[in-house]
Every structure is written in structure tokens, then in C-alpha cells.
């Protein structure tokens, strides 16, 4: 019998039948019929947007759950949606009470902090779960227990930003915030200067008109290249347009946006600008399941009526939509775990809480799920999300389209995932250096770079041509060839411009820079390809590549005139001191030989060997003979005197060894002094320059050489800088050409790089390099500080170095006509001017010998005459006493004959005795 028939017949209705019907309605029917679970959503509306994206995501999630019965097979999820005006907390409270009266298991929304607080207080009083998906201002004494928040904790995001700043090693950071809540969200970064060496400048975006151009102009003037924007994605889209308008969308700027919807913005206009743009992404698009849900969302949104312009890509799911989707799923998972979940109607004015509310709240906090925003778990104490991942994404020009859908294709094409930040483990950058350098042409291909340079032979010169030349064709030189090779490797296009002031770059007393360095600092040029020296002070304001040429400071001076050796050049092989020492040694050896020969008994001999009993002995080594022995050995001629004793032979042998070394050294050195024309320079090193003031010296004004002497702490170089600074008008020159002309025309020495000296001396034989290198340094390609091109330029330079192209380019531009080398001069025939002094010495010796012979003759004659007169007088007296004079002539004659005989006998005796020396 049907139930309708039973009810239609009153006679059949009994008391037992009534109890059976009541049992069926209360117990059997609920178990067989599907259960309905109602949730409530309160969403704020704004002008021109009656339905916000969170409401759409809320409905999308409920529809998805009801279609897929695997999660809630016996339960149908329904919803009640209430719309309120923005900032209307009273209306939010009233609508929340209306929904609680209907019997909802959980309340979602609203978004604004004041409205959230009002709804949260009601849910906390009636013990109904409140689900939040927006950033919430932290409360010091937060006692709310009946809520969860899927939005990442503000403190965790602040730590993530700080970790990224430390990873990029930013020393100066500009923080631009939209409202006061931004300072709370970035408090970890704002407190960083007290713990890290980071300078932070804080600026606020103008409110109301959204015109940030004056602010951006100040940032551009202040060279603020690392900027963190804390703003909504709508404001970010507008700011990016103004950044492009201000010319700040270049590779030297790095912008970081804290909004989690940066990936959803339409950035096609900025992809090829070279700008560095980084942000966080909460959506886990690497999961294929997530990608498919995003594609379904996109298809539904594209079929819907167009929405007002927000800067987002059409159909792109935002983070707030994904969080709302995940929030609905978290409630569904908790309700699935709850058995016989009965939702009762609650009245706000009665303050009677929901009996199952605490249990259901705990089930929600214990739920775990891998949603659109990654793995979701909650802190049971405060209801905040924990252990979440933030993808670190960076804007790129092109990439691999790994996803199947159009939206996912865009995400992979425009954005590159370079790392992950986890709330527990911190930062993990996955974009390794190997990946960065695998294709070094990515960010330089087909990009036009402004190159600043300076006219300096042979690096950059005007090309000689009969036709008018334009652009880069006007120049030639080593640096132009280097630029061409770098362009071939990296694929960039370049525009060469001469530095307006014609200077390399130096810092004045006010800290201001000039020259090419200033061009790079002001970002008027991308590269400085010139003979720009890598120095410490320049490295602090610009970046350099690895050096493409190594060199040092040296002295350029006029080549001294050659001087002939001179007629007495045979004395030059030995210094005057050595000549004096040799003569003293000869005298000393002669005296020692004389003394030893007198002292030793073996140098005395009997002059009459036939008469062994003779007491007369002789010694050949008189003082004159000893000197003659020394001179003969020194002249390599020997003498008739030979030592007999061992002691005298030792003296003679040592003297012979000494003369052997001296004569050999003299002979070996004599040829160079007689055959090679000597170049005598008044200076041989920097020390010689510092010790004198007659020769003026200096360097190029505002160049690295001048800076070297200005900053040097070495006493010699300090003295040289004092000399140059005291004569700045004459010592310092404007450029190298002016300095070279001064070297040629005046008594001036130019301090400059050795490579430039090498080039100049190859083409002007009147100039030469004096001394060695004062220091060691290198030329590098300059870039603005933080430029992404530096590492790529360095890799290309190393490649050219390994291939030998740098050496070939140097040989090409440095090879000149060449000057004859001094060492390669052929020995010419010796003339009178070379060895004429020897003839003078010979003639002087002959003349001297003649005069000495005459002197000896006169001396001997006078000596003999005196002796004869003395003898005659003495023996005349003797004869006169022995034989008195008679008057007869016979007696006188006899007496004279006898006296003459006596005199002759006495002469013979004295002559014989004079032969023997005792």
C-alpha cells in the first residue's frame, strides 16, 4: 500500500502507524537521501564590477566539487552569497547574521580588514568557522580560534623578500609602498640595516591620481636601480606603464613586486626591454592537475562578458581566486571526514553557539590537501598557513612552452622559475650558474648597445677615406676590432660614440666623475670599450670585465744621441776604480814578492859556482826586478826572472791567476766598447726622475696614470706626484698626443701605459721607453655597475684569448715600420776614433823612453865624472906625498906615470866590486 493511500484512508491510520512513519522520516530517510551542506560567502563589490573574482572562484569550486562525487559522494554542497559595499563593516555583520540564521557550516569572506574583523567576531562568538583568503593585519592579542587563513603569513613573505635581497647582494634598496600596511608586510626587510650592510630608502606612491612619474623621476635621478614595489596588481600594471614612459625599463633596473599576481599581468610590452623583473608565485602550475583546472577556469572566463581593464591577462586565474578555490575544497575535505554533520540555525542576538562548531573547526585545521596554491596545512594554534612554497619567477624574453593550454603556455613563455622559497627551509635558487652561461647570447641577441670610447691610437682612430663616412664606419683600431669580435660572439648591435669631454674618467674633490666613467654611471652608455684601466676607485662605481690586455706604467722619453767610444775607449771596459785597484795590486804584489824573496834563503845563490867556498851570494828579486815581474805578468808577456822558492812561486802563481781573470774580462768587454755606439740617457728609471728637477715629467690629466701617482703611498711616487701637482699647468697634458709632442720638442718625460709606449716607439725612432714597468694592471671593458652584460662580455673575452685572436689583433695594430735594434747593429771596422788612444800611448811611451834614456845617460856620465875627479884628487895627494916633486923633468914624468897606474888599478878594483851585490 502506498503512503498516499494510507494517508487518504483514516480508518487505516493507527497509533502504531504514526510511530512507524515518524521513524521512517527521522532515521531511514536521512540515510537514503543525499545530505545538503550549505556554506556562506560574503563578497564586496566595487563600481563597474558587480561580481568580483573571489565570488566567481567560490562558485567555480562548489560546482567542481558537486560534479566530482569522489570527494563528497553523499553530500551536495550549496551556497548562499551576500554582496556588500566596500568598507561597510555594519552591512557585513548584518549579512553574516542572515547567513548564520539559514544554517551555514562555514563563512567565507569578506576581504577588507574592517569587514573581516566584524564577521570574525560574530563567528568567534557563535563558534562557526570563518575562512579567510586575504592578507590580514596581525593582532597583538589575537584570541580568535574559529578561523583559518590560506593567505601566506606576512612575516614569512617578508623573510622571503629579505632572503632574495641578500641572495642578489643588493647593497642599496628602494622600497615603494602603496599604503601603510606595506610597511607592516615588509618589516623584516626594513629592519635589515641593523643586521646587514644594506641601505634602504623608503618611498610612498602618491594616492588618488596614480601619477607616479614625479616619484620615478626622483628615483631615476638618484640612480635607484633596485626597487621593491608593495602594491596591488592593478597598481603594478599602471606603475609599469609609467616606468616604461620614464625610460627606466632597461637592463640596469631590477624591480621586485610583492603582489602574488605578478604572473597574471600582461607584460608582453616589457619582455624585450631587458629589464630585470622578479616576483613570487603561489600557484603550483608545475602540477598538471593544477594546469588543467586553470585552463577550465580560463575557458569559462573567456566566455563571460568582458570585465573592466585591470591589467590582467584575459581569463587568467589570480592568486585570490586560487586561494578561494582551495578554501572551499578544504571545507569540503573536513565535512567529508565529519559524520552526521548537523548544521543548525543560529541567531546572533541569542549568542547560542553551534554545538558542532569546535569539532568542525578542528577538522578543518587538521585537513591537508595539495591544491592550486601548493600543499596546504595549518597551524592548529593560530589557524595560519604553514609549510608553503613560493615560486621565484623572473621575466624572460623567450622560453620553452611545456604546457598544453594557452594560459599555461603563456606562463612558461613569459616567466622563468628561478627558485623556490619554503617557509621552513628558506631560499633555494634552482637557476644555477651553469644554466645561466649555457647560452650567453640570450639577453644580448639583436640588442643595440651604446658604446662610449675615446680617440687614442691605435685603439680608436678616425678612418682615412676619400668618401664621407658615417656611424661606426668612421672609426678603426684595436677596440673596433674587439667590438666586432664581441658582437659576432654575443650577437648584439653597437653604436660607437666618442666621450664628449675626451677624458677617461677621474674623480674630483667633490666626488664627481667625468669622462667615460661618468657616461657609464649616468647610463648614457652600455659599454666603454677603450684603453680604460681597471682601478680600485673606478671599480667602486662601475663594473669591469676581465682584462683584454695587461700592461704597466713606464716612461716615454726622447732617445739620447749616440756617442763615439773616444780615443781612450780602451779604458772603458774597466771602471776607474778597477784600474786603480789593479795598479795598487801590482805594486802590492811586487812589494810582497820583494820582501819574501829577501826573507827566504832559497832565492839567494852563488854567482861563482866554480868557487863553492865564496862567501858572496846574490838575489835577482830586487825592488825594481820585483815590479818588473809583476808588470810582465799583468801584460801577459812574462820576464826572465823566475822564482825558485816555494813561497815566491805561490805569490807568482796567485798573481798569474789574478791577471788571467782580469785580462780575460777586459778582452771580452773591450769589443763592445770599441765597436758599438753607446746611448747614454740622463735617466734610467723612475728613481732618476724623482731625484732631479731639470727634466720635467708628467702624465695625462684625469687618467689612471695620474690617479696612480696621486693615490700611491710609496715615497718615490709621492715625491713624483708632489712635483707634478706643483706644476699642473705644464706637467699634466690633456691627451697622449700632446704629451708625445712635448717629449719630442722639449726636455720632457711622459708617464704612460707601456702598450701605448710600445706603439709610439714602433713608429717614431726618436722615442724610447726608459726603464721597466712601475706597476701592473689591465684594460677592461667597462659597464654600469650591476650590468647583466659584464659576465657575458668576460666569457667572450676569455674565448677570444684562448683562440689567440687578442694576440693577432695586437700584432695587427702594433706592428710598425720598426726601428733598428741596438743589439742587432753589425760591428763596423775600427777607426782611429776607436783605437787612436793606443797609438797615443805608444807614442807617449816611445817619447818617454827616449827622455828616460837621455836622463840615464846624463845621470851616469855625471856620476862617473864625479868619481874620477874624486879618485884623481885622492891618489894625486897620495902620489905627491910618496914622490916629492923634483926640479928635473925626468923625475916628474916618472912620478906621473906611477900615479896614473895606481888610478887605473883602483878603477879596475871598484868596477869589479860593483858587479857583485851582497
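Backbone N, Cα and C define each Cβ position, glycine as well.
Keep in mind that what you see is a predicted model, and the values were worked out from it rather than measured.
Your range for transmembrane segment, going by Swiss-Prot and the list 633-653, 654-674, 675-695, 696-716, is 654-674. Going by what Swiss-Prot states, the L-glutamate site holds 531, 533, 538, 704, 705, and the candidate of 485, 753, 758 recorded there is 753. Range 577-597 is the one annotated as transmembrane segment, of 493-513, 556-576, 577-597, 598-618 (source: Swiss-Prot).
Record note: among 814-834, 835-855, 856-876, 877-897, 835-855 is the stretch given as transmembrane segment by Swiss-Prot. Topology check against Swiss-Prot: residue 292 and residue 759 carry an identical topological domain name and occupy the same side of the membrane. If you compare 379, 620 in Swiss-Prot, the N-linked glycosylation site annotation sits on 379.
Look at residue 705 (L-glutamate binding site): DSSP puts it in a helix. Largest CA to CA distance in the L-glutamate binding set (531, 533, 538, 704, 705, 753): 17 Å, whole number. Taking a C-beta cut-off of under 8 Å and a sequence gap of six or more, residue 704 (L-glutamate binding site) has these contacts in its own chain: 504, 532, 533, 535, 538, 777. Across the recorded positions listed here (379, 533), the residue whose Cβ sits among the most other Cβ atoms within 10 Å is 533.
In this structure, the C-alpha atom of residue 276 (N-linked glycosylation site) lies 53 angstrom from that of residue 765 (disulfide bond). Beyond its flanks by at least six residues, the transmembrane segment (577-597) meets 571, 603, 619-623, 626-627, 629-631, 634, 643, 645, 647-648, 651-652, 655, 658, 662 of its own chain at Cβ-Cβ distances under 8 Å. Those same-chain residues not listed among 531, 533, 538, 704, 705, 753 yet with C-beta within 8 angstroms of the centroid of the L-glutamate site C-beta atoms are 504, 532, 535, 703, 707, 777, 779. The recorded positions shown are 68, 74, 531, 705, 753; of these, the one with its CA atom nearest the CA of residue 765 (disulfide bond) is 753.
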